Amino acid sequence: MKNIQFAVFNFATFISISAVNSQLIPFLNESGYTPAQKGWVLGFSALASLLFAAVIGWISDKTGKMKPMFIITTLLFMAAVFASFILTSDLWIKAICVILMFGIVKEVMSINETWVFQLKPKTFGKYHCFSAAGLVSGSLAAGFIYKQFNSIGLCILCLSASAISLLCGFFIKEKEAAEKGSISLASMKKLLMNKSYQRLLMILFLLMITGFADQFVVVDKLIALGGDRIAVSVKFAIQSLMEIPIYLFSAKLFKKFEPSRLLLVAALMTGVKFVAYGFCATPLWVLITAALQLFTHPIIVLTSKLLIQEVTPKQLAASAQIVGFAIYFGISGFLTPVIGAWLVERFDFNITCWIFACIAIIPTWMIIKMRKSKENQPA
């Protein structure tokens, strides 16, 4: 029964997440925002996410409990969804609501993953398959519902899925949650001065820049090529579907290959994917290229947790994950929409995709250097 509860919890949570993520760009376009305004809205939503992450991380670390933060965050997300999609038509007020909505949705995802990882560390990958299934279902459903019922239908989908995940989360026990603790200034300084930790965060930061570019710039290119809401939904669904095999066989994969080697493959394939995006001339080719997600995002998600754990002391393990996620996910989420919008206006979608492909070269080189440094260390 508990296994079903966790499966439904992940599935419902990620339906609401994917409904927002997959339809946000079309929604902002139809609301009348310019590319520059859209970039700033998405950028500030990342800063909001960074702030939420800091507060949530501190409270969770202090109390040793995840459930209260999940309930509060989900309720705030539901309120922001209602305000963004239904409550107001004023562009400035709507922008504030969208910033809060898109900022909070990242934390709903983060809390879900962290909580499930704490409670089910050995079967995390298997349960994450239901998250990916939720992303597939939510993306496809959101596209069709938005086309038929506009933002009202999209709002109902998000609120319904969130209510189900809230109900499941309410009955999940916290007996295996993290112990109480605190993040002191001394431990924070020790953590941030760790050179291996710094290098890993830089690698993940650069990879997440390309990840957000896939979510924002590539979606804009898909729409510019003639893709509609359904095409955007199909792109997200394809990418989510491609993630399932990695999560399903993650345990076997990590027994056979080192996390750093898998991360190197993900970095290389990220560059290949953006080179291919640059050459795409029709929506169909964008959707085909999106299938390369199999070799990128899910590997980055799983290896990031393991590699951060490897390079930090046990007493700083929780803090390292919280601070690391806030840095490489939050800051990249702020910079990418702004930089991406400027590059598209300055050049075009194709050149912008190739620039992001070049960015992927840097973490690839850093991972190779990191692996050589590790090999040269005395046993």
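Glycine is no exception: its Cβ is also placed from the backbone N, Cα and C atoms.
TrEMBL does not curate its annotations; it predicts them automatically.
Some features that TrEMBL has for this protein:
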type: DOMAIN; residues: 6-343; note: domain 'Major facilitator superfamily associated'
type: TRANSMEM; residues: 7-28; note: transmembrane segment
type: TRANSMEM; residues: 40-59; note: transmembrane segment
type: TRANSMEM; residues: 68-86; note: transmembrane segment
type: TRANSMEM; residues: 92-112; note: transmembrane segment
type: TRANSMEM; residues: 124-145; note: transmembrane segment
type: TRANSMEM; residues: 151-172; note: transmembrane segment
type: TRANSMEM; residues: 200-218; note: transmembrane segment
type: TRANSMEM; residues: 230-250; note: transmembrane segment
type: TRANSMEM; residues: 262-279; note: transmembrane segment
type: TRANSMEM; residues: 320-343; note: transmembrane segment
type: TRANSMEM; residues: 349-368; note: transmembrane segment
Given pairs 6 or more apart, does the transmembrane segment (40-59) have at least three Cβ pairs under 8 Å with the transmembrane segment (320-343)? yes
Contacting positions for the transmembrane segment (320-343) when only residues 6+ beyond its ends and CB under 8 Å are counted: 35-36, 38-47, 49-50, 53-54, 57, 60-61, 106, 110, 114, 183, 188, 191-192, 197, 200-201, 204-206, 208-209, 211-213, 216-217, 304-305, 308-309, 312, 351-352, 355-356
Tell me if the transmembrane segment (7-28) touches the transmembrane segment (92-112). I count contact as 3 or more CB pairs below 8 A, with pairs 6 or more residues apart. yes
Using Cβ atoms and a strict cutoff of less than 8 Å, what residues sit near the transmembrane segment (124-145) while being 6 or more residues removed from its termini? 6-8, 10-19, 21-23, 112-113, 116-117, 153-154, 156-157, 161, 229-230, 232-237, 239-241, 243-244, 246-251, 298, 302
Flag the pair the transmembrane segment (200-218) / the transmembrane segment (262-279) as in contact if three or more Cβ pairs fall under 8 Å (sequence separation 6 or more). yes
Mean pLDDT across the domain 'Major facilitator superfamily associated' (6-343) comes out at 85
The transmembrane segment (68-86): which same-chain residues, six or more beyond its ends, come within Cβ distance under 8 Å? 16, 20, 27, 52, 56, 59-60, 94, 97-98, 100-101, 104-105, 107-108, 111-112, 115, 151-152, 154-155, 158-159, 162-163, 165-166, 169-170
Would you mind listing the long-range same-chain contacts of the transmembrane segment (7-28), meaning Cβ under 8 Å and 6+ residues beyond its ends? 38, 41-42, 77, 81, 85, 98, 101-102, 105, 108-109, 112, 116, 127-128, 130-139, 141-143, 146, 151, 154, 157-159, 161-162, 164-165, 168-169, 172, 215-216, 219-220, 223, 229, 232-233, 235-237, 240
